[in-house]
Amino acid sequence: MSVKFLKEKILSRRVRTEEQPKRKAYIVFEDFMQLPVYFYHTIGVSPYEMRGSKKPGIGFHILFLIHMVNANFVLAMEITFVVVSFRHNENFIESCMVMSYIGFVIVGELKIVTVLLQRQKLTNLVRQMESVFPAARQKEQEEYDVKSYLQRCLRYTKGFGGLYLTLIVTYNVFAIFTYLLQKWILHSPHAKQSLPYTPIAPWEWRDNWTYYPTYFSQTLAGITVTWGHIAADLMIFAVVIQAIMHFDHLTKSLTEFTVRAQTEVNGADKDLKELQALIGYHNKILGLTGVMNEVFGFALLLNFMAQSALVCFVGFQMSLGISPELQAKLFLILLSANSEIYLICKFSQMLIDASGSISFAVYDMNWSQADSRFRKMLILLALRAQKPVCLTATVFLDISIETMSIFLRMSYKFFCAIRTMYQ
């Protein structure tokens with residue numbers, strides 16, 4: 001019996017080994033987009049039409065409606081609180097805090113609306129990117145080094161998403177955790193109920209059962225706008241990483257190009273045909289980046305405007321000598337806002353470097369042995385590559401790593417202005 005068992009075990013292991021290559025999964029375009037699409041789907045948003053998937057049902061649209069109605073309800077309560085506070089000249093610090101929330105909510109909702117309005121263009125962009133994505137073949141995916149770029153994409157998107165997840169969990173849980181800790185663990189008679197974002201509601205929520213639905217409503221609103229806020233950024237990161245992958249592959253193809261004009265029969269014609277294919281590939285990538293900026297330009301502009309104001313307000317509140325708990329929460333906002341702008345600037349700089357490297361690859365080719373027609377086409381390719389490709393916040397701003405210093409200087413000037421007015 002034992003010998004028979006061992007033979008069956010060896011045979012089953014051999015079968016699994018033989019079947020393993022058949023089950024090998026290749027990286028597909030959706031692997032880069034999985035995280036932003038997941039965030040969008042949780043709030044009832046379908047950012048683009050997916051191949052082979054059914055159209056969203058009525059339940060999906062109802063989910064989106066619930067999220068947006070609740071978020072706008074909480075936004076109205078926040079605006080009401082700020083107006084009432086300034087009218088009565090009280091709760092100045094808390095009003096500044098709520099104003100930061102208002103800006104965050106507005107930007108998050110505008111990003112969601114922008115994606116919905118640009119859905120057809122985004123679908124077109126996705127289709128074009130799928131058409132140039134490396135085929136599900138081992139050799140082609142190794143040539144593009146797809147696995148390495150996917151790992152880089154997931155590292156950035158998961159890290160950035162995790163940072164904002166920490167932010168929203170902290171703000172959503174802090175108030176109720178403090179209350180329950182004081183009431184049920186410390187048995188303090190001074191335990192007070194508080195809400196995470198604004199103390200105003202159309203009903204009296206203190207010391208009755210409506211406290212928990214009201215708290216849940218504000219928590220859900222925080223999740224809605226946070227997911228809408230970061231999903232657009234994660235999608236930008238995923239698209240830019242793929243554009244960089246294509247630019248790097250083109251650079252590699254040009255660098256390793258073998259000129260056959262003087263070594264083979266009809267070698268000049270073969271060189272010309274291959275170079276034309278590479279130039280067509282370059283034109284297609286440039287077209288993709290143009291559509292990318294057209295789709296995401298407004299979202300990028302919102303990021304810089306909103307985060308500049310947010311950093312200014314948060315820095316001002318931190319300078320007023322507030323409690324350590326509030327200081328920690330504000331620091332988390334400050335870290336998240338600066339990280340977001342830094343990553344956008346970093347990705348744009350990576351895109352600039354990758355697109356610009358093509359002109360250096362052209363220079364490094366063995367062009368002196370090539371046909372005259374080949375050399376003329378190389379000149380045009382090099383001239384086009386010298387104009388850097390970058391993320392653009394509509395027509396107002398070309399983004400690079402230098403934009404980060406502009407952002408910090410602008411935020412500091414706003415901070416000094418508000419601080420002077422306050423004093």
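Yeah, the Cβs are placed from backbone N, Cα and C, and that goes for glycine too.
According to TrEMBL:
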type     : residues : note
TRANSMEM : 60-86    : transmembrane segment
TRANSMEM : 98-117   : transmembrane segment
TRANSMEM : 162-181  : transmembrane segment
TRANSMEM : 220-244  : transmembrane segment
TRANSMEM : 295-316  : transmembrane segment
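Non-local neighbours of the transmembrane segment (162-181) in the same chain are 191-197, 215, 219, 222-223, 226, 229-230, 325, 329, 332-333, 335-336, 339; each lies 6+ residues outside the stretch with a CB under 8 Å from one of its CB atoms.
Away from its own ends, the transmembrane segment (98-117) comes close to residues 40, 43, 45, 47, 68, 71-72, 74-75, 78-79, 81-82, 197-198, 221, 224-229, 231-232, 298-299, 302-303, 306, 309-310, 313-314, 317, 333 of its chain (Cβ-Cβ under 8 Å, at least six residues beyond either end). Within its own chain, the transmembrane segment (295-316) has Cβ neighbours under 8 Å at 96, 99-100, 103-104, 106-107, 110-111, 114-115, 118, 121-122, 125, 232-233, 235-236, 239, 330, 333-334, 337-338, 340-341, 344, 391-394, 396-397, 399, 403, 407, 410-411, 414-415, 418-419, 422, counting only residues six or more beyond its boundaries.
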